[in-house]
Each structure stands twice: as C-alpha cells, then as structure tokens.
Amino acid sequence: MAAVAGQERRARGRPRPETLGVIPRREGGGAGLSRAFKPLARSPLSCETSLRKLTFKGKHGSVSADEAARTAPFHLDLWFYFTLQNWVLDFGRPIAMLVFPLEWFPLNKPSVGDYFHMAYNVITPFLLLKLIERSPRTLPRSITYVSIIIFIMGASIHLVGDSVNHRLLFSGYQHHLSVRENPIIKNLKPETLIDSFELLYYYDEYLGHCMWYIPFFLILFMYFSGCFTASKAERWMPGPALLLVAPSGLYYWYLVTEGQIFILFIFTFFAMLALVLHQKRKRLFLDSNGLFLFSSFTLTLLLVALWVAWLWNDPVLRKKYPGVIYVPEPWAFYTLHVSSRH
C-alpha cells in the first residue's frame, strides 16, 4: 500500500502528455484581449466616414462633403416673416409716424414709429438666429453671438437718434439739408446747441448705422456661405421664392440708400459673387436659399443704379452728398421734391 501511494504522488508531480506545450489560460484573459483589440474591429463604413471628415476638415472654411450633402429646403416661413417685418417695422416706421395723429403721440413721447423700431430690434435678431440655426453648415457661434449683440446695440442707438430727427420734421427740419444749414437750427443760441444736434446726427447716421448694418450683412454672408449643394435638384427656386425676390430686393434698395451703406453693400455683394465662383470650381452650386438671397441683392444693385442715374444731375442733392459715391436718401428726396409741394 505504501508503494502504491508513492507511485500516485510521483504521477501527480509529472505533467500529463495531453497538456504538454499548452499555455495555461488565466481566468478572464480572453475577455481582456477582446476588449483591448475591440477598437480595431471597426466597420469599413466608419473608417471611410472618419477619413472623409479628416480630408475635408477645416475650421469654418470651405464647404465639406458632408455639409454639401446636407441641403436645406427653402425656408419660406423665415424669408416671408423676414420680408414682412422689414417692410412693416422698418420701411413703414416713418410713414406710420406721419400718418397717425400727433395728438395720440405727443412730441415729448415716443411715436408709433418708435414702437415699430422697438419691435424690429427684438424680432430681427430672433429671425437671424433662427436662420443661422437652419444653415446646413456649422457656423462659428462666437462670431454669431457677438454680431447679434452689436446689431442690437447699433439698432438701439439708431432708435433714439432717428426718433428725434423724425420728430424735428414737425418743426420744419429738412432732411435734404445738413444740420447746420437747416433753418430751425442754424440760428440757435448758444451755438454749442448746434454741436449737440450734430452729435445726435452722428449717432443716428454714422455710429448707429455702422453698428447696425455691419453685423447684419456679416450674418447674412455667413449664412450664405453654407448655401451650396452638389445636388442638381436643389439648384432652383420654388414659386413662392420667386414672388418674394421683388419685395426683398426693393427693401434692400431702401436699406442701402436710406442707410447710406452702399460701400458695405457692394463689398458684401462682390464677396458673395467671389464665393459663388470659387465654389463653382468645386462643382458646388447655390441652393434655393442662396439663390434667393443672391437674386435679391442683384435686384438691389440694379435699383440703386437706376436711382442714382435718375437723380444724377440734382443740384441740391449733389450739394448734400458730395464726393465720388453719390447715393441720395429717399427721405431727402421726399422733403425736397414731395413735401415741399404740399
């Protein structure tokens, strides 16, 4: 019995033939190896997508392949609201001030046009933000938010200056004359009061317009930069868009002439044209939203050219708008040739 027990102990000490050359497997080792090499087991589709993103990667630069494939439909609701509120709240603002009885809105209180302007200062930034949200291209948020803030500041500065200037119409102020040449101002005493009115005019016509319109056109251009597609089916404007081009282009004519921002407008227009030609070399074309905006600006440029040609030889307006760039304001034309007859 003792001999048999010794043989069993020696047998347990020797390795079995079927286990020779086999690496002992640690518990849980297989799962660890599968987890370690799991990231390498990507599908070909995900690798292709990653490669395409790396190929077209650029910080807010040219339109990528993914962005070109994501074409937005025509934003009929936004463009309609945008055009409607521009005509009612901006163009109709001074007209409403003249139409409504003065007893309802005394000269020492805000006019109905001022309330229109307040509504414009709230609704327009909201519509611009919604327009940016619907862009198929990811736009820089920091520039967008800073532009909206400056836009609101400029429009608010213009609200105060424009309110006083239009109220002066009831006292005989003439828009086709400079501040110092106006009959109701040139005889003010002391003369430092004239400097105060010139400061008010500066805030209204220069600082307010710059802080209002530069961010406005910058946001439109940033949105326009994402309106390109490689799809042939998206290169045409629908019927409602064609109907909106005329009122939209006519409003921008009023904006450019009354706001005296022809240089800013023509710079934006040629920047848009250069971008269109650049993207065309990549076989990317404007979608319906881009075509609508570009067509509106083209119509605006044509109307401004006709307006300037019509008033080219007007001696009074030539005196108020000297220099190479001669773009008379519609309200200056109104006070000179329309209201003076009545």
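Glycine is no exception: its Cβ is also placed from the backbone N, Cα and C atoms.
Note that TrEMBL annotation is computational and uncurated.
Look at TrEMBL and you will find 1-21 tagged as region 'Disordered'.
Marked as transmembrane segment by TrEMBL: 78-100 (among others). For the transmembrane segment (78-100), the list of distant contacts is 111-114, 116-117, 119-120, 123-124, 127, 130-131, 134, 166, 169, 240-241, 244, 247-248, 251, 254-255, 289, 292, 331: same-chain residues at least six beyond its ends, Cβ to Cβ under 8 Å.
Per TrEMBL, the feature transmembrane segment maps to 112-131 (among others).
Note on the transmembrane segment (143-161): residues 114, 117-118, 120-121, 124-125, 128-129, 132, 200-201, 203-205, 207-216, 218-219, 222 of its chain, located 6 or more positions outside it, place their CB under 8 angstroms from a CB of the stretch. Residues or ranges marked as transmembrane segment by TrEMBL: 143-161 (among others).
Within its own chain, the transmembrane segment (206-224) has Cβ neighbours under 8 Å at 128, 131-132, 135, 139-140, 143-144, 146-148, 150-151, 153-155, 157-158, 161-162, 255, 259-261, 264-265, 268, 271-272, 275, 289-290, 293-294, counting only residues six or more beyond its boundaries. Per TrEMBL, the feature transmembrane segment maps to 206-224 (among others).
Taken from TrEMBL, the feature transmembrane segment covers 236-254 (among others).
Taken from TrEMBL, the feature transmembrane segment applies to 260-278 (among others).
With a cut-off of 8 Å between Cβ atoms, the residues of this chain six or more beyond the transmembrane segment (290-312) that come close are 74, 79, 220, 223-224, 227-228, 235-237, 241, 244-246, 248-250, 252-253, 256-257, 262, 265-266, 268-269, 272, 276, 326-328, 333. Annotation source TrEMBL lists transmembrane segment at 290-312 (among others).
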